[in-house]
Amino acid sequence: MPWRDFAEELVGTSKEAIKKLAEYAEDYRIYPRSINKLGKSFFFLAKVEQKKKLIILNESKHFESFNGEIEEFAGFKAKVAPLNHHNAQRLRKLFPHTAPKVLGNKNPSIGLGDRLGIATPGHIDAVKESEVMPVFAQQSVRELNLTNRSFEAVLDDVSWAVFQEGYEDGFAADADHLKNKNEVETALDIGYTMITLDCTDYINNLREGITFQELKAQYEEIADYLKDGLESQYLNKTFVLGSNHELEYNKMNFYKIVLTYYQIIDFAKEIYHLIKKESKEIDFEISIDETSLPTSAEAHFFVANELKRNGININSLAPRFVGSFEKGIDYIGSLDKFEKHFKIHAEIADRFGHKLSIHSGSDKFSLYPIIGHHTKGRVHVKTAGTNWLEALRVLAENDPALFRDIYYYAQKKYKDAKEYYHVSTELVDIPDLARLSDKELSELLEIDEARQLLHITYGFILEAKKDGDYLFRDKLYKFWEKHDKEYRKALEFHIIKHLKKLGFYN
Ligand SMILES: O=C(O)[C@@H](O)[C@H](O)[C@H](O)C(=O)CO
């Protein structure tokens, strides 16, 4: 609701009254794009005693459904409501634009993981002029464990930000890298619209150099009914794709593919039954990207076809591509080899009607023209850590002392952090801060080794404590609140750079 309409409805058209309200609004930092009217009540966000609150002006039936205090605001009776989970649930019911939507066939889509809970305004600025469907709420179980956050908190942070910004173009919520039924049920109960099922625990990573005899012996141990069904579908068969590319299944690769992937089908089927019980559509993504070897085209086709044969409809699938997709840095590998394999994966995805999901999808600028071209926009690019790095860029530019402290701490924790993430940077490769002036610190965010150091140590930095108190967390959030405009700008620039390279931003 435009500020002028709000002001005139609230205090009438007298210039004096509107001026007084505007001064009050300035003092309380009313977020003008958050103003909504529902029935007799006005809803908006404002800073009250330095804390963001939901203000509901003019009593109505809505007063009771939000918890908070009755106070006076600008001379009016108001409910001043904390941005807690109960009120976020009520907000999503009253203002549907603050609740996540399913991606469906809206393409392209981009996952914008936010490890801090404060990135959504910048993400909105980045996508609002584009055709891209954003997943603003996206965190993996790994990220939640490392930051001590919950799926509720991730979605609530997004709903409040979407309300604050008055963003009404829709967003999705991806519960990422779930590994069991309980995690899926939790995410669905909260209202997530996308489930990314991590099949790692059901993938049998065969020993490199396994002999045919060893393969055959392991294959013979699989139940006959399974083998018969699969052999009749694939063994010694060739499938020709639209580009005339042939997928051949001989004994060697057939045994390898079956032994590696056959168990994920039952796992996916169990989870799919949960999803089908939902009253609304859910985007189902199958993630097989965290394997020791790249996903071959024949393996992708086999998994997609077996999911289809078992009646499991997926919206996206994340294979492991050739080369190296490491956190926070560009692709490592031959672009020609990547393109040769990627276009076949894109063709297989097209044939089965799902889209490719590019995990560790940020910063792969050398690949984006290839990805955009061969998917023609039917693709999901997943990012997260790069949004954390942009927050650190703003820190380096504005509080060098705090940046130095967390950088040194990150170096101390790097070995522990590598237990959670596969990155090639070794501690010895990491640039030493001592030689850099304060003005040079932000240049570290352009150096791969420094980016990987900071990218994977986020949880250790945020959770670091001394004598029970946070070493950095409170100082960092206070800093980012003060520099929220710079952070928005940095994110907008950085994510638009991704979208332009992908060809998704004119
Ligand atoms: O760090 C994580 O666990 C997530 O960001 C995860 O890697 C996610 O699926 C991703 O690929 C984001 O780029």
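Placement of Cβ uses the backbone N, Cα and C atoms for every residue, glycine included.
The candidate list H300, H345, H354, H359 contains one residue that TrEMBL assigns to the divalent metal cation site with H177, K327, namely H359.
In terms of Cα distance, the recorded positions that sit within 10 Å of E285 (active site, proton donor) are D176, chosen from D176, K327, H359. Recorded residues D176 (active site, proton acceptor) and K327 (divalent metal cation binding site) have their alpha carbons 16 Å apart, per Cα-Cα distance. Secondary structure from DSSP puts H177 (divalent metal cation binding site) in a beta strand. Summary: among the binding-site residues (H177, K327, H359), the fewest other C-beta atoms within 10 A of the C-beta are counted at K327. Those same-chain residues not listed among H177, K327, H359 yet with C-beta within 8 angstroms of the centroid of the divalent metal cation site C-beta atoms are S140, D176, D289, E290, S360, K382, A384. When other Cβ atoms within 10 Å of the Cβ of E285 (active site, proton donor) are tallied across all protein chains shown, the result is 26.
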